[in-house]
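Database features (TrEMBL):
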DOMAIN    45-137  domain 'Serine aminopeptidase S33'
BINDING   GLU297, TRP298, ARG299, ARG333, ARG479, SER498, GLN502  3-dehydroquinate binding site
ACT_SITE  HIS394  active site, proton donor/acceptor
ACT_SITE  LYS436  active site, schiff-base intermediate with substrate
Amino acid sequence: MIQSDIEIKVDKRVIRGIVTRPPTEQKKYPMAIISHALMSDMSKDFYIDLEKSLNEMGFASIRFDFNGHGTSDGRLIDMTLYNEVEDLEAVFDYAIKLDFVDRLGLIGHSQGGVISSLLAAKRNKQVDFLVLLSPSGIMEESCRAGLFIKKMFDPANIPPVLGYGKKAVGGAYLKSSQDMDIYVKARGYKGPVCIIHSREDEMVPIYYSEKYLRLYENCMLKIIDAADHMFLTGGQEAIKRISGFLGEMDKKFVKVRNLLIGKGRPKVCIPILENTYSETLAEARRILKRFKPDMIEWRVDYLEDLYSTDDMISTLKELRSIIGHMPLIFTLRTRHEGGMVDITYEKYSSINRMVAASGYVDLLDIEMLNDDQKPKSLAGDIHELGGLVVGSYHYIDGNDQMLKIDKFGDTKDGLSVDQIKRIMYRMKDLGADIGKLAIMPKSRKNVFDLLEANYQLDEEDIGMPIITMSMGKEGIVSRIAGQVYGSSVTFATAGKNSAPGQLDANDTLKILDYIDRNL
């Protein structure tokens, strides 16, 4: 692990913590901010073990001390829920500016869970995930009833200081607990949530996590046994559940080099559609001078000399040198799916395997809806060779038979919402890392159905990013609405269109950036 100490100024106090990231050559990592419990601190074994587990998963992390705790400035009697939210928000603002962070989430324990839930609601769109460990939502009810842990006080006449063992909290803290309206203010978070609570927690009953569960649209409650509230026992089981949640959540995204597909603004991909290998390289240089795409696609089916494998590999090597660290998609589109070439499946598979083995390509577009298991076998081979698979299907007149009508139903009026969803799930079952569907609409309703299917798949969490587009003028909206409806990549032109309805790449980037800023 690579560790460094941090100090963050909040008002007149300094909050101290530790940043940790994995010792790998990756340039970007997801990060979790760990918030400790009341009267605890970041040095406890549970938080250190959690940090180690996160790093083993490829996550960076920050653990820190709230004001009045551990190494941070301030007195415990001056701590309130309000200034703890300020502390966490300051740490969050620090983390979001780190150049090695590509996603940022919150993990909070006990009172740290309450604080994390409040900040997640406040910074909803910037918080990528939320984990609550035995969140102490009980504090609101108990302080209103005049009970702090096991210490009684008059809730109508709050004392300036209330001792508990060798420590004490201030009256301002008790008042903030009475007034916060935790469950009202935590309601606004829309991202994925995991709540972990022990049946044997004697300090905070599970009921208070169940109240949290009802707040969120995308939430799971994991109940564990043989753990106490502070996870002095059962800590490893809790950490195991966190790892499981983060691992499943990570399947929604695909990381290609430094690009995270499925997160944030749809990525803009420009296709290269040249007839010769030399023209391909010249076009790549021209594109990078005039445009700023996120990805490049090489459509090799446009080549006049497709079967010159030595030229193909040497061109890929030079193309990789030209585009540097930018992700590259390799696509051999067959004629029955709108491409330029008729080719046997054996030759199609052979070329894709050869390209995957070269190591110059990141993603290979594989036509998935065949009548047998050949695409699944090809996808498996590509994975073994280190590549990622964009499973694709192009619904155009003349290739309806690929849907195997007896399984997908009547398509004479275009694809329905249910059919689109079933196609995507089918491609996932066949091994796609990203699912791609392009349709030639027969009516405006087909466009609306595509957007609705996108939305439903995003809500259902299919477990992979999806790319969808409706071709032609009627479908232009589908190329720019991905961030709203769930499509993660859009294809744009640098002068030559690979499909009807593609927009200029610079115009597309401006539109998508505008939408991203205002969502």
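The backbone N, Cα and C atoms fix where each Cβ goes, and this holds for glycine too.
Recorded features from TrEMBL, shown on the structure.
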| residue | record | CB count, 10 Å |
| --- | --- | --- |
| GLU297 | 3-dehydroquinate binding site | 22 |
| TRP298 | 3-dehydroquinate binding site | 28 |
| ARG299 | 3-dehydroquinate binding site | 21 |
| ARG333 | 3-dehydroquinate binding site | 22 |
| HIS394 | active site, proton donor/acceptor | 22 |
| LYS436 | active site, schiff-base intermediate with substrate | 27 |
| ARG479 | 3-dehydroquinate binding site | 24 |
| SER498 | 3-dehydroquinate binding site | 22 |
| GLN502 | 3-dehydroquinate binding site | 21 |
Problem set entry | Between LYS436 (active site, schiff-base intermediate with substrate) and the residue listed as 'active site, proton donor/acceptor', the C-alpha gap once rounded to whole angstrom | 8
For this session: List the Cα distance (Å, whole number) between ARG299 (3-dehydroquinate binding site) and HIS394 (active site, proton donor/acceptor).
Result: 15
Seminar exercise, completed: CA pair ARG333 (3-dehydroquinate binding site) / HIS394 (active site, proton donor/acceptor), Å rounded to integer, equals 10
Problem set entry | Euclidean distance between Cα atoms of the residue listed as 'active site, proton donor/acceptor' and ARG479 (3-dehydroquinate binding site), Å | 15
Exercise. Quick one: what's DSSP say for GLN502 (3-dehydroquinate binding site), helix, strand or coil?
Worked result: coil
Exercise. Taking the Cα atoms as reference points, how far is GLU297 (3-dehydroquinate binding site) from HIS394 (active site, proton donor/acceptor) in Å?
Worked result: 16
For this session: Sorry to bug you, but what's the C-alpha spacing from HIS394 (active site, proton donor/acceptor) to TRP298 (3-dehydroquinate binding site), rounded to the closest Å?
Result: 17
Exercise. For the domain 'Serine aminopeptidase S33' (45-137), what is the mean per-residue pLDDT, to the nearest integer?
Worked result: 96
Seminar exercise, completed: Whole-Å Cα distance, HIS394 (active site, proton donor/acceptor) to SER498 (3-dehydroquinate binding site), is 13
Exercise. For ARG333 (3-dehydroquinate binding site), what is the secondary structure state per DSSP, taken as helix, strand or coil?
Worked result: coil
